[in-house]
Ligand code: S3P
């Protein structure tokens with residue numbers, strides 16, 4: 001079963017923080033997007049272009065069902081916790097769900113550096129998604145960490161402190 005689950009908007013640092021947490025907890029990290037890429041032998045961007053977001057969401061649920069049963073730190077994609085079925089899957093294991101919260105300004109800066117985000121093409125929608133999704137993340141999470149102006153090491157330390165309390 002997953003030991004710790006990271007959720008948050010794209011660019012909130014789930015992959016980086018997940019890797020560092022996994023090192024500290026001495027278990028592997030599993031990045032849900034990476035698993036989708038590996039299983040489907042296609043980049044996330046290509047999946048969005050070729051079969052569309054709706055189909056991607058189905059692949060994401062399939063991958064999540066696999067990932068949740070592994071002894072890992074699980075970094076989810078930003079959209080994964082939005083679907084009700086995925087929320088049920090995420091809550092089905094006894095792992096703290098950690099919401100990495102970053103200001104929209106910070107997110108924008110980070111994703112502008114990386115053109116591989118398929119949703120970046122619809123930048124106008126992004127802020128609306130951000131607002132809506134942050135409510136869902138907050139509702140789902142056991143731990144919320146604000147990441148703006150904090151180094152990855154500091155974020156990891158803050159999570160582990162709260163993780164010990166749970
Ligand atoms: C998405 C976030 C991405 C990836 C896909 C869709 C989203 O993951 O799953 O591009 O809907 O927010 P990251 O949050 O890891 O970038």
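Note: Cβ is positioned from N, Cα and C throughout, glycine not excepted.
Bear in mind that the values here come from a model prediction, so they are computed numbers and not experimental data.
When TrEMBL records 33, 57 as binding substrate, the matching candidate from 13, 78 it lists for that site is 78.
The shortest Cα-Cα distance between residue 12 (ATP binding site) and any of the binding-site residues 33, 57, 78 is the one to 78. Sequence-ordered, the extra residues of this chain that approach the substrate site, with Cβ no more than 8 Å from the Cβ center of 33, 57, 78, are 10, 32, 36, 44, 56, 60, 76, 77, 79, 80.
The local packing around residue 12 (ATP binding site), expressed as other Cβ atoms within 10 Å of its Cβ over all shown chains, amounts to 25. Neighbouring residues of the recorded ATP site, listed in sequence order and excluding 11, 12, 13, 14, 15, 16, comprise 6, 8, 10, 17, 18, 75, 100, 110 (Cβ within 8 Å of the Cβ centroid).
With a cut-off of 6 Å between Cβ and the nearest atom of ligand 1, the binding-site residues 12, 13, 16, 57 reduce to an empty set. A 10 Å cutoff on Cβ-Cβ distances gives residue 78 (substrate binding site) a total of 21 other Cβ atoms nearby, all chains included.
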